[in-house]
Amino acid sequence: MILGRTISLFLGCSALVSGALIEHHAASSTDQPVDVPYNLDMFSQAAVLAQETYCGEQAHDYGLKLGDATLLWTAGDGNVRQRVNLYQSDSLGIAVAIQGTNTSSLRSDLHDAQLRPVDPDSRYRRFLPQGTKVMNGFQKGYTDLVDDIFDHVKKFKQEKNESRVTVIGHSLGAAIGLLASLDINLRLEDGLFKSYLFGLPRVGNPIFANFVDRKIGDKLHWVVNGRDWVPTVPPRALGYQHPSNYVWIYPANSTNWKLYPGQENVHGMLTVAREFNFDDHEGIYFHTQIGASLGKCPAVLGGY
């Protein structure tokens, strides 16, 4: 726990700021922010499902209703494996929500601390461009879950006669969720419907980020709250890069949100000093609070 946070804080302080060339549909990293062109209610619905992954007491309360979603299945205990919840949602389809860091679990913390860029896992490597690298710890978190996720998503798609699959995550769960979003789009019939990722760290190198833009750029919605430092790590100095088009809520926990085009937009989150605590990271995203320590259990949709 201490090791993971210490390394992450140090690397956050050393993060570099610069623009980057991006794929055609992703706009330019020097473009000015624009109004968020998405359905904001879907962000709120996704946020409450992200929060519920931190709620161990309701982990197997199948049938639990959260907004328009019903809990179908759960795996992982947040210690050996990150918790993943599957829901049936009117707006999101089969929703896959992945837990963020459990700071009381050394294994969970180590997922955040294993910073080495590595080749993609053999299950999906052939679908990605040569030279793709992803962070070792995040990929380990995903490969602990991937087979269970695929088996149960296929099962519930058939049972519920549902073609849409949405991936949701916060923090470490967002990093794992980005890998899951791309993998589902590449290997699962009907692909990805939407992805909602809150407090997303950098996951892969520029080749990975460009491929994400090409394959799921129009389906990916990721959000930064205020001065949250987590999205600034791992640093670009280690070869990591974000995909395009994030939503920045600034000031934190407010309703002032804009979409920042391109990769590593020069007008966005990197223009303000980071606050190296978890207040903004575990903040209010589209009227719903997400966080292992600050969020409510059972999760509550809206209210802020």
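From the backbone N, Cα and C atoms, a Cβ is placed for every residue, glycine too.
Here Cys55 is paired by Swiss-Prot through a disulfide bond, and of Cys13, Cys297 its partner is Cys297. Highest local Cβ density among the disulfide-bonded residues Cys55, Cys297 belongs to Cys55, counted as other Cβ atoms within 10 Å over all protein chains shown.
When Cβ neighbours within 10 Å are tallied across all protein chains shown, the highest count among the glycosylation sites Asn161, Asn253 belongs to Asn253.
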